[in-house]
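*Asks:* First, the structure itself, so that you have it in front of you.
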Amino acid sequence: MVFSLKFNIQCSRQCKDNSRKSSIGYIFGFTVINVIVFGPCLLEVVKSKFVYNCRCVLRGCIPKKLMVYASKYSHEFDESNGFGWKYDTEPRHDWSTLMVNKNAELQRLTGIYKNILKNAGVTLIEGRGKILDPHTVDVDEKVAIVGGGYIALEFAGILNGLKSEVHVFIRQKKVLQGFVEEIRDFVGEQMSLQGIEFHTEESPQAIFKSADGSLSLKTNKGTFESFSHVMFATGRRPNTKNLGLETVGVKMNKNGAIEVDEYLRTTVPSIWAVGDVTDRINLTPVALIEGGAGALAKTLFQNEPTKPDFRAVPSAVFSQPPIGQVGLTEEQAIKEYGDIDVYTANFRPLKATLSGLPDRVFMKLIVCAKTSKVLGLHMCGADSAELVQGFAVAVKAGLTKADFDATVGIHPTSAEEFVTMRTPTRKIQGSPESEGKLGL
Ligand SMILES: Cc1cc2nc3c(=O)[nH]c(=O)nc-3n(C[C@H](O)[C@H](O)[C@H](O)COP(=O)(O)OP(=O)(O)OC[C@H]3O[C@@H](n4cnc5c(N)ncnc54)[C@H](O)[C@@H]3O)c2cc1C
């Protein structure tokens, strides 16, 4: 649904005077106090087309994760056979039940956010649009996904789990550019074993529709036929056109990302920007630490100029298997610190011994050779997102390998491997470019 928001919140310390309404604040977006604020005194969205459909809740993280949960059952049914479960008929998935339940949950969440705003004294004025579009995907057919980034991989896993035939087309040799090299290989292999077909070094050139309605994808290497859907997940750009930013002199880069200083202030002092629109770390929790609950709120409304802290931001990819990571990659660590020790493990988890499935787990620790500080922690395998969130506290706190070694493992888990890696897989001697620049 699309709403206008009228903020009646006044910044009590700085301005209680309604006569200063001319320094009105505009806030675009919703996940957090979002994207752009003009002036620190009174926040009021005067235009009536405030869009309420924040990406995280309605089009990104939440619906995506619900669909990941749905699709994981097919793997779990397969796993259960080795543990003695038998099914008289093949479990069948009902897409419409999933959509109805997912949409109900999104409505519920939207209601909660509306209430939060209402209780904070915000007037919601309904503008235009819809909360949800039908978003129907015929899951029984053959789908092409173009792109090798995290969103492409997540949807490949979802659709594969829901029994579509999935083909992923990527321009490069490997998926997930910028991620840890071993994980790029590992996740590609694991997903291939689950039946997803990767077409590497292939660039799409055209899509043709046949008389029977099916789609063909022409790439630099050939033409692939009979797709019911072709999905592009090739990246996003900040949607900053026609906001009037150029007119007032807000500087943007060539992709349309708004340039901000360390305090999130744009080149026009009364205008601030947070979240994806600045195109730095495009994640919901990062938008939150920048915006409403974080740095910007303190700077503008508590008289405490605050920079968001981007050190050791953990993140996950909800591919199947999922990936969790925090801190530096090996390449970044060498650049920053020179000499590093790398610990890796690649093993078959306990569950796979009976399930008989080819599931494995990969883990990696990157340690500064000089200080023994853990600089990076990376994992691909079941539960890695949940597990890395916990370890992120240790990495953020600057704990050392000795602290990890002194921590007692929980047995039997995959996680215990992170506190029992005794011998480095390799020791690397490099020359740092600028020690500690990334702040770890
Ligand atoms: C498919 C997908 C999956 C994702 N999964 C994850 C995940 O698992 N974990 C994670 O952390 N992040 C994930 N993300 C990223 C996450 O959704 C974003 O980082 C987060 O939503 C950024 O918040 P934001 O407030 O900056 O922008 P958004 O959530 O995009 O909110 C911007 C809002 O501004 C509105 N708006 C735009 N222009 C105007 C205008 N002119 N006037 C008024 N309003 C306007 C938009 O409609 C929108 O409501 C995912 C993204 C996608 C696309």
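The first residue you see is number 1, and the count goes up from there.
Including glycine, each Cβ sits where the backbone N, Cα and C put it.
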*Asks:* Given that TrEMBL assigns Gly147, Gly148, Gly149, Tyr150, Ile151, Ala152, Leu153, Glu154 to the NAD(+) site, pick the one from Gly82, Gly222, Gly235 that the record assigns to that site as well.
*Replies:* Gly235
*Asks:* Cys56 has a disulfide partner in TrEMBL; which of Cys41, Cys61 is it?
*Replies:* Cys61
*Asks:* In the same chain, outside Gly147, Gly148, Gly149, Tyr150, Ile151, Ala152, Leu153, Glu154, Gly235, whose C-beta lies within 8 angstroms of the Cβ mean position for the NAD(+) site?
*Replies:* Ile145, Phe155, Val175, Leu176, Ala233
*Asks:* When you measure from each Cβ to the nearest atom of ligand 1, which of the recorded positions Cys61, Gly149, Leu153 fall under 6 angstroms?
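*Replies:* Close enough to ligand 1 are Cys61.
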*Asks:* Other Cβ atoms within 10 Å is the metric here; tell me which of the binding-site residues Gly147, Gly149, Gly235 scores highest.
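*Replies:* Within the set of binding-site residues, the most crowded position is Gly147.
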*Asks:* Neighbour count first, Cβ atoms within 10 Å, every protein chain included; then name which of Cys56, Cys61, Ile151 tops the list of recorded positions.
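*Replies:* That would be Cys56, with the most Cβ atoms nearby.
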*Asks:* Within the domain 'Pyridine nucleotide-disulphide oxidoreductase dimerisation' (313-421), how many residues are helix, strand or coil going by DSSP?
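*Replies:* Per-class counts: 38 helix, 33 strand, 38 coil.
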*Asks:* If you average pLDDT over the domain 'FAD/NAD(P)-binding' (139-291), what do you get?
*Replies:* 95
*Asks:* So the record assigns Gly147, Gly148, Gly149, Tyr150, Ile151, Ala152, Leu153, Glu154, Gly235 to NAD(+). If I measure every Cα pair among those residues, what is the longest distance in angstrom, as a whole number?
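*Replies:* The span, Cα to Cα at its widest, is 14 Å.
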